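Asks: I'd like to ask some things about the structure below.
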Amino acid sequence: QPTMDRNRKWVPGLGAALLILLCHVTSALEVPLDRKFLLPQPPTITLQSPKDYIFDPRENIVIHCEAKGKPTPSFSWTRNGTHFDVEKDSNVLTKPGSGTLVIDISGEKAEAYEGTYQCTAHNEHGTAVSNNIVIRQSRSPLWSKERNEAITVQMGVSLVLQCRPPAGLPPPVIFWMDNNFQRLPLDKRVSQALNGDLYFSNVLPEDTRSDYICYARFPHTQTIQQKQPISVIVLNMETMNETVAALYNVTEFYSGDPEGERPPGFMMPLGPASAKMVLRGETLELECIAEGLPTPDISWQKDGGELPSSRMSFHNFKKTLMISDVNEADAGDYRCSATNNLGNAHHMIKVTVKAAPFWVSAPRNLILAPNETGILTCRVNGEPKPKITWFVNGIRLENAPEDHSRKVEDDTVILSNVQTGSSAVYQCNASNEFGYLMANAFVSVLAEAPRVLTPPNQVYQVIANHPALLHCASFGSPIPTITWFKDSQTSIRNGDPYVIHENGTLEIHVAQPLNSGKYTCIATNNLGIRENHVFLEVKEPTRILKQPEYKVVQRGMSAMFECKVKHDPSLIPTMTWLKDSGELPDDERFVVDTDSLTIKDVTDEDEGTYTCIMNTTLDRDSASAMLTVATPTPAIKPDPPTDLELTDQTERSVQLTWIPGDDHNSPTERFLIQYEDLLHQPGVWVNLSEVAGTSTTARLSLSPYIYYSFRVLALNRVGYSRPSQPSRQYRTNPAAPDENPSDVKGVGTEPGNLVISWTPLTGFKSNGPGLEYKVLWRQKDTDGEWSSRSVANVSQCVVSGTPTFQPYEIKVQAFNDYGSGPEPEVMIGYSGEDLPLSAPESLQVMVHNSTLAEVHWEPVSIPSVRGKLQGYKVLLDYGFFHAASNNKRKIQIYGNRSEGRLPGLQPYSLYNLFIRVVNSKGEGPQSSSKTFETPEGVPGPPSFLNVTTSSLDSLTLQWGPPMNNNGRLAGYTLKYQPVNNTNELGPVKVMMFLANETTTTLGNLNSSMLYKFYLSAKTIKGSGPIVTEEAFTVIDTGGSPVPSRQVDIATQGWFIGLMCAIALLILVLLIVCFIKRNKGGKYPVKEKEDAHQDPEIQPMKEDDGTFGEYSDTEDHKPLKGSRTPSNGTVRRDESDDSLVDYGEGGDGQFNEDGSFIGQYSGKKEKDTHEGNESSEAPSPVNAMNSFV
């Protein structure tokens, strides 16, 4: 990004300026481009295409060039060093707001746009230029035609199969495959070199094959080309005589040495030494391929040094050594050695490292105040040493207007006492024979008061004992001086513990809680002053207080790791557990709690290192421990606990202690404590409590009037132990009941009673002898005395003589010989209900439409309901106007309502309505009736639609009336339309019928045509749903009628006569042609004609000699029997006997003996004999064309 150098001072002369400038470390400041600042800035290139751009000719060329500045820069381009006027080229589009070019090459030759492009961004303060962008089209040339002769080699010798692909741009990727597109297997004996050739260190008989194919894949165009297959034959000369060898028709024969073993030798590179040059930063590829038998092994070493292990890799079975990101230290002598059991061979590769120019220090943007001095440096390196050239606003300094304040010293430009208006963009170009670098750096001359860019009141949070950085980014020209204050009072100076950096940032080396507070930074220059406030909060560090510990756990047991953490209370912590530096397995056996990890039922796979990590937004802490899984000894149920002892006895509790038994290699999970009540349920043991397996004591809560005896069972993963021996007996004294019966209810079962029921106390809860229940009741809201009755050994009490459906307050209290239970809770119950006394009145019905009405009534009084109002029941008697009223329906309306909706009514019906009140007892008397009518609606669909008769040009339809007329039936609407053989619908015709009509015959239809029918009934409200039907008209084929979806043929008489005459002439002409040409072989086709009758070629009618089918459209339409459409093409999909198959100049096909593949067919007259055909017959198509 554009930056502003601080290496400048207010100086009276150039000498002092240079001294100060060279002694300062360069730092930079970004020029703010926010709209609120509105500061001028020369252009800066922010995005450009790479120097070498290879484009795909199938896509548009996009050359990027974007820049920023104030005012917004304008853009221009050069191509091959001259101005490129993009406005005059309609194929070139400039993206709005940038200089990016989009070149449409879809209709042009892509080569026309190859070349070297350079972008220029200009505003009133300077000009920035891009790199030279070389645009080249990707190419994937075809493989040159060649014929590869078979290669015959003796077994054991070496072999090279050359690929030599065409030179593409970029170069292709090479691979070898067979005819089945399977890659050829490569190993240390058979390998592919970097140039694509296939090397055999020694050949074996299994290398014999005829499909060694080299493929080249061109990346940009994604095309793959292949070389002609190469055939290789491997001979075992000991088993072959010269006669057999002479039978091989080969042009190449590699005899080599005899088949025996031999020491290694290098196939590539050749000779004892070679040289390799590589550029700094690129990847060095060294390759050695050796031959020999057995196959040699390859090794590498560098003379006088070590191979760089971090950047080095071996490929192609160690035949290729690659070193990435090469630097000068990688130069030297590299030795590759080939070794087998007969000896070794060596090859020395001398590597030299050159370097294209690379940056040591690129020039950076300068913002100077008037009369200041600045310096631009362009430090580069390379091998050979790059040449540095300076430009200003895209013009070489030598050719630019003279500026006495500017001095150039090789890689440095010194600007002295700059003045307003001298802003410019400087370019540094460093080049050598391997490339170039170019950088833009602007010099902007501004006079601006300070601005603080850091947001105000920003809060910084750090952990205690860590560094804290408080930023004070500023802008101004001259560059502002930054000072800091703490809590708006204490001035901060450089020195322990504070450091004020050159960019204004305040650093506290080791932050402590006392450093928390408000900090103020002040930016000052000779044009003004500005301040900003920030806040520092120093937090306590996160620490793990209890770390997880090493565990050895038997398989099947549980393991728990603890991880207790302390952290700053204002930070939100997050605990994460890892296993072997990865996530925990997704298994419910792993249970993560707030400060622990428990692994249940440990398996061998759980062994490893477990790490707990505590993260906050500012810091983290972690600790690890190992889990070792041991092989368990067989586990059995634990032994029962022993020595049960009762202590600390009170009226309602006792302390029970015991000694655990042996757990038999399975830790005890819990203890179950049971008791026996020898007074109420002797011999029955009841579960009382459970405690953890690590406990040996339990405090037991007891109840009065129980003769207790306790026992304990231990549980491990195998199961429960046998019960322990019972403890001594412990009796609790009787007492009054602790609780009253539950589920107290009051419900009347019939008029005049109230049944009060409850759930009795168990003997365990009676707390003493003589348990009874005191039942109390009184009518609610009367403030009368409570009536009561005491009962025993029952769960309900019936109170008689109560008024109908009145609320009662009821309660039930338990008592025994030792007193009464607590004051019982008052419940509300109701006495028995009776049937309602009255019916709703003032019935009103509002009819909304033919199926919905709404009924209103005057609600009955609540006392007359004599029970809980459930709602109202509406009873409907109804029938259609033309039928008796014999239908009934009931609608339940729930709740205390005075209206209800009546959905689902039948249209055009007369309804008689009654309403009854409903309570829990039943229904009340019926109200007076209310009669209403529903208006007409649309009818239902006709009950059926059938086609009863089908002929050549007519169809007879019959239908039934709707099941529901829903009104006075006004009639029927019939719509129909033809459907052609492509399922396309023709025009719709509409017919109307009276209500009493249920059949019709449709005439003047097209034969051999499918028709679709839509029928609906209607009333004055409109038409109802439709029913559909489909049917074919038929055509007489000489036998039974056959339905068809083919295009119909007209039946007009004059057209039939004309078509018959033309057809007869064509038939005569065909017969004459066949007789004249009956000189060659004879090919009977009668059998095939009979076996392949075409249903579309119709016979001649015996009675009048006319064809049975012809076109009903324009005269220029062809005969149906012919297969020549009006456009002159032949529709193969309509028939197999196209006349084109018979034409001499057509595309007809022949059998191997010269006969036609296609035959024609047609039903012959009874007296027609089989004719002889000739392959030399003239074309019937030509003959037919003579009549057109």
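Each Cβ is built from the backbone N, Cα and C atoms, and glycine gets one as well.
I grabbed these lines from TrEMBL:
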SIGNAL    1-28  signal peptide
DOMAIN    43-130  domain 'Ig-like'
DOMAIN    141-231  domain 'Ig-like'
DOMAIN    263-352  domain 'Ig-like'
DOMAIN    357-444  domain 'Ig-like'
DOMAIN    450-537  domain 'Ig-like'
DOMAIN    541-628  domain 'Ig-like'
DOMAIN    640-735  domain 'Fibronectin type-III'
REGION    722-745  region 'Disordered'
COMPBIAS  722-732  compositional bias 'Polar residues'
DOMAIN    737-834  domain 'Fibronectin type-III'
DOMAIN    839-937  domain 'Fibronectin type-III'
DOMAIN    941-1037  domain 'Fibronectin type-III'
TRANSMEM  1054-1075  transmembrane segment
REGION    1084-1188  region 'Disordered'
COMPBIAS  1174-1188  compositional bias 'Polar residues'
Asks: What counts of helix, strand and coil residues does DSSP assign across the domain 'Ig-like' (43-130)?
Replies: 7 helix, 47 strand, 34 coil
Asks: On average, what pLDDT score does this prediction assign to the domain 'Ig-like' (263-352)?
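Replies: Mean model confidence (pLDDT) across the domain 'Ig-like' (263-352) is 94.
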Asks: Against the domain 'Ig-like' (450-537), which of these stretches has the most C-beta pairs under 8 Å: 263-352, 357-444, 839-937?
Replies: 357-444
Asks: Using DSSP, break the compositional bias 'Polar residues' (722-732) down into helix, strand and coil residues and give each count.
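Replies: Secondary-structure breakdown of the compositional bias 'Polar residues' (722-732): 0 helix, 2 strand, 9 coil.
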Asks: Treating G and I as helix alongside H, and B as strand alongside E, what does DSSP give for the domain 'Fibronectin type-III' (640-735) in helix, strand and coil?
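Replies: Once the DSSP states are binned, the domain 'Fibronectin type-III' (640-735) shows 0 helix, 50 strand, 46 coil.
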Asks: Could you give me the DSSP helix, strand and coil counts for the domain 'Ig-like' (141-231)?
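Replies: Looking at the domain 'Ig-like' (141-231) with DSSP, the answer is 3 helix, 36 strand, 52 coil.
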